[in-house]
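Novice: Feature table excerpt (Swiss-Prot):
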BINDING   Arg39, Arg45  NADP(+) binding site
BINDING   Arg132, Ser133, Ser134, Asn253, Ala254, Gly298, Lys313, Pro314, Ile315, Pro316, Thr317, Arg339  FMN binding site
Amino acid sequence: MRYLTAGESHGPQLTTIIEGAPAQLELVADDINVDLARRQGGHGRGRRMQIEKDQVQIVGGIRHGKTTGAPIALVVENKDWKHWTKIMGAEPLTGDEEKEIKRKITRPRPGHADLNGAIKYGHRDMRNVLERSSARETTVRVAAGAVAKKILRTFGIEVGSHVLEIGGVKAEKTSYDQLSNLKELAEASPVRCLDKEAEQEMIAAIDQAKENGDSIGGVVEVIVEGVPIGLGSHVHYDRKLDAKIAAAVMSINAFKGVEFGIGFEAASKPGSEVHDEIAWDEERGYYRKSNNLGGFEGGMTNGMPIVVRGVMKPIPTLYKPLQSVDIATKEPFAASIERSDSCAVPAAAVVAEAVVAWEVANALLERFGADQVEEIEKNIREFNEKARLF
């Protein structure tokens, strides 16, 4: 599968087109809307979330609740567009209209795409950069991810996420009985944290950052359960599934690091404490006695849950802006201010779910065929039995 997105933060709509989804997949708008709503939640979101109440429109590829095998086209309208029709319109402006519009954005924000994008594409008004580089684009990435999650769920694979850290406050209690339990606990928390004590400290840290005109980042974790052995490949660098997932997580706005399993902790441990011992029983087949490697060996899934974490830096738009330089005058100024969040880590966990789900679903379809659901289900069932007895 593949998808493309189009649209700007304050344009009329955001669009994604998905190609390669199997036919006969049961899919309705509510399957997608539930994740769009989850993306908009979380303590620390800005005023924009009070304006936008995201709902998807399915405009192609689905008929009477089932995919047809044709490209799936999804649209999410921007409710705030009515206030931006002249500023963000596609048609040229008259001289009088140009005077009505607010000044060009010429003061880049440190940590954002503004200056680099303006230089790369020759934009004297950096709104052309920030509109597309905005995290608003993740709305339709979450929509695409919701389709991927429905594919995975159809074949018994579940995806969940939670927050491990915000603003230096770390969750200590992160244990859960099963993934459904983790998802329930995360959804009940305003910061998607399983540790109730840490949750309150995280909320306080977010409130303090907002009061200070500042922002804070954190760490999210995504878990995928029910994955067959052998998704991805060891034979070439660009077929390793953990590498694809790492790239996908790093593609999320403001993410600066990724790890699997115990991750960077492995650097300080001997191999005997890192590698997961192999066992077999008649019911499960092959399994690992631990999951330090986060479900991957040699770029391939090993049947254990995929466990991946991503680090999100603080959002670069600050209400107490850092110093910058005006590209029109070359004079020092405080950076431009756009409406923003003080913390988007809980929402970023939902985005991370989406991009991880996409890569896993893509690898699943690549391995087991992609034309129609019934064939894929048969292929997975036969392979799992073969792997159990191997």
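Heads up, residue numbers simply count up from 1 along the chain you see.
Quick reminder: no glycine exception, Cβ is built from N, Cα and C everywhere.
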Novice: Between Arg132 (FMN binding site) and Arg39 (NADP(+) binding site), how far is it from one CA atom to the other, in Å?
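Specialist: Answer for this pair: 18 Å between alpha carbons.
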Novice: Do you know offhand how many angstrom separate Lys313 (FMN binding site) and Arg39 (NADP(+) binding site) by C-alpha?
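Specialist: Checking the Cα atoms of Lys313 (FMN binding site) and Arg39 (NADP(+) binding site) gives a distance of 18 Å.
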Novice: For the binding-site residues listed here, Ala254, Ile315, which shows the highest count of neighbouring CB atoms within 10 A?
Specialist: Ile315
Novice: Please list residues from the chain of Thr317 (FMN binding site) whose Cβ is under 8 angstroms from its Cβ, counting only those at least six apart in sequence.
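Specialist: Arg109, His112, Ser215, Ile337, Glu338, Ser340 - these are the non-local Cβ neighbours of Thr317 (FMN binding site), listed in sequence order.
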Novice: Between Arg39 (NADP(+) binding site) and Ala254 (FMN binding site), how far is it from one CA atom to the other, in Å?
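Specialist: About 15 Å separate the Cα atoms of these two residues.
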Novice: Using all protein chains shown, find which of the binding-site residues Arg39, Arg132, Lys313 scores highest when you count other CB atoms within 10 A of its CB.
Specialist: Arg39
